[in-house]
Amino acid sequence: MSKKVMAINSGSSSLKFKLYEMPEEIVIMEGNIDRIGKDNAVFEYRYQEKKEKLVQSIADHEAAVQLVLDTLISKKIIASYDEIAGVGHRISNGGQYYSDATLINEDVEKRIDELSVLSPLHNPVNLIGIKAFIADLPHAKEVAVFDTAFHHTMPTVNQYYGIPYQYYQEGIRRYGFHGPSHEYIALKTAELYPEASQRVISCHIGNGASITAIKDGKSIANSMGFTPLSGLIMGTRSGDIDPQVIPYLEQQKGMSAQAVKDMLNHKSGLLGLSGISNDVRDLTKIAQDKSDSRQQRASLALKVFAHQIQFYIGAYAAELNGVDSIVFTAGVGEHSALVRQLACQNLGYLGVKIDDEKNKVNALSIETDDSTAKVLIIPTDEEIIIARDVMRVAKL
Ligand code: ADP
């Protein structure tokens with residue numbers, strides 16, 4: 001019998017949801033609320049080919065959850081809350097504890113809370129989302145789906161930092177993130193091109209960005225590490241820097257630890273380098289406009305960004321001892337021909353080449369006929385991984 005299952009992704013001031021009919025994987029309604037906590041919060045949702053938008057005050061995540069559930073009732077998507085059999089929550093960090101999604105109970109809530117020290121921006125709001133759904137839907141099965149779980153297959157050699165061993169034992173290690181997205185890419189690549197799915201480099205390039213080396217469907221390396229701040233430069237995050245920069249800024253520039261953290265998370269990456277925007281659309285437009293005085297900085301930011309993607313593709317081709325498919329996904333990966341072209345221009349040594357015309361139109365498969373590996377553009381779908389996990393783990 002079909003079941004209604006929700007996939008929830010809550011951010012510091014946002015809540016995204018998709019309601020599915022499972023196991024058919026039919027999306028019944030989807031939406032997102034932005035600017036939670038503000039008077040002008042925006043709630044956009046889509047159902048039955050309709051798209052609606054509300055702007056109103058939404059005090060907190062509890063109010064956001066209530067608004068989503070009320071809307072499901074008022075739009076007659078459900079007749080009562082009891083119809084929702086399961087809710088899957090995307091949780092940023094499961095640390096060393098969770099190698100798979102898990103049914104939520106008090107112990108799991110406690111662990112997620114404890115792990116907030118590792119993911120202070122995400123785990124606390126994830127937990128608020130969980131509590132709000134438990135209060136409103138006491139009959140539904142609640143499942144935690146961790147961003148880190150897919151990467152538990154990473155060989156230990158890829159988990160260490162070169163710091164005293166005791167810290168590894170205390171949990172300071174590479175975890176890897178964006179698990180549901182990379183898992184989806186692994187599955188979809190295998191479904192579309194089984195012959196090219198043994199050694200996959202999955203490039204999730206959005207506002208947050210990470211790259212995963214996937215061998216036979218399993219993660220063996222991810223560019224993010226202890227937290228989602230490391231690896232590639234991102235929209236506003238620095239990615240990897242020499243760790244000595246941090247005490248330098250604190251001791252020589254008098255910055256507080258909080259100010260450095262804020263800079264690395266919110267004022268760096270594409271935004272910091274360009275001084276203009278974290279949005280690749282804005283930067284591409286300006287980089288192509290010779291009359292714009294900001295052209296060079298926009299161009300510089302995009303080049304550094306793409307160069308780092310190239311760097312990880314090279315590293316992970318070595319990690320995988322070759323590559324069968326390079327997959328681009330997420331906002332930038334799916335839509336920016338320029339970033340893909342810059343990132344792939346030096347892959348001749350691997351025998352990998354992209355076709356400019358196919359790249360320009362965001363085709364599914366953009367490699368040339370004589371390329372040794374496929375280069376794919378696959379829209380990611382983290383929510384379907386969450387909904388499937390709910391069905392499996394809650395035995396619905
Ligand atoms: P998040 O990590 O927040 O989920 P997304 O995967 O939605 O991010 O990616 C958002 C980013 O995708 C935007 O900041 C923008 O830079 C980029 N993007 C979206 N559409 C386009 C486009 N048509 N061309 C280039 N970049 C785009």
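Backbone N, Cα and C define each Cβ position, glycine as well.
According to TrEMBL, the protein carries these features:
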ACT_SITE  ASP147  active site, proton donor/acceptor
BINDING   ASN9, GLU382  Mg(2+) binding site
BINDING   LYS16, HIS204, ILE205, GLY206, ASN207, GLY208, ASP279, VAL280, ARG281, GLY331, VAL332, GLY333, GLU334, HIS335  ATP binding site
BINDING   ARG90  substrate binding site
SITE      HIS178  site 'Transition state stabilizer'
SITE      ARG237  site 'Transition state stabilizer'
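Mapped onto this structure are the features recorded in TrEMBL.
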| residue | record | CB count, 10 Å |
| --- | --- | --- |
| ASN9 | Mg(2+) binding site | 21 |
| ARG90 | substrate binding site | 25 |
| ASP147 | active site, proton donor/acceptor | 28 |
| HIS178 | site 'Transition state stabilizer' | 30 |
| ILE205 | ATP binding site | 26 |
| ASN207 | ATP binding site | 16 |
| ASP279 | ATP binding site | 16 |
| ARG281 | ATP binding site | 12 |
| VAL332 | ATP binding site | 29 |
| GLU334 | ATP binding site | 16 |
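Ranking the recorded positions LYS16, ARG237 by the number of CB atoms within 10 A of their own CB puts ARG237 at the top.
Among the recorded positions listed (ARG90, HIS178, ARG281, GLU382), ARG281 have a CB atom closer than 6 Å to some atom of ligand 1, in sequence order. For GLU382 (Mg(2+) binding site), the nearest neighbour among the listed binding-site residues (ARG90, ASN207, GLU334), judged by C-alpha distance, is ARG90. If you check the recorded positions LYS16, ARG90, HIS178, ARG237, ASP279 against ASN9 (Mg(2+) binding site), the ones with a Cα inside 10 Å of its Cα are LYS16, ARG90. Ranked by Cα separation from ARG90 (substrate binding site), the recorded positions HIS178, ILE205, ASN207, ARG237, ARG281 are led by HIS178. The recorded positions listed here (HIS178, ILE205, ARG237, ASP279, ARG281, VAL332) include HIS178 as those with a Cα within 10 A of the Cα of ASP147 (active site, proton donor/acceptor). Of all Cβ atoms in the protein chains displayed, 23 besides its own lie within 10 Å of the Cβ of GLU382 (Mg(2+) binding site). In this structure, GLU334 (ATP binding site) is part of a helix by DSSP. When the alpha carbons of VAL332 (ATP binding site) and ARG237 (site 'Transition state stabilizer') are compared, the span between them is 15 angstrom. Note: the CA-CA distance between HIS178 (site 'Transition state stabilizer') and ILE205 (ATP binding site) rounds to 10 Å.
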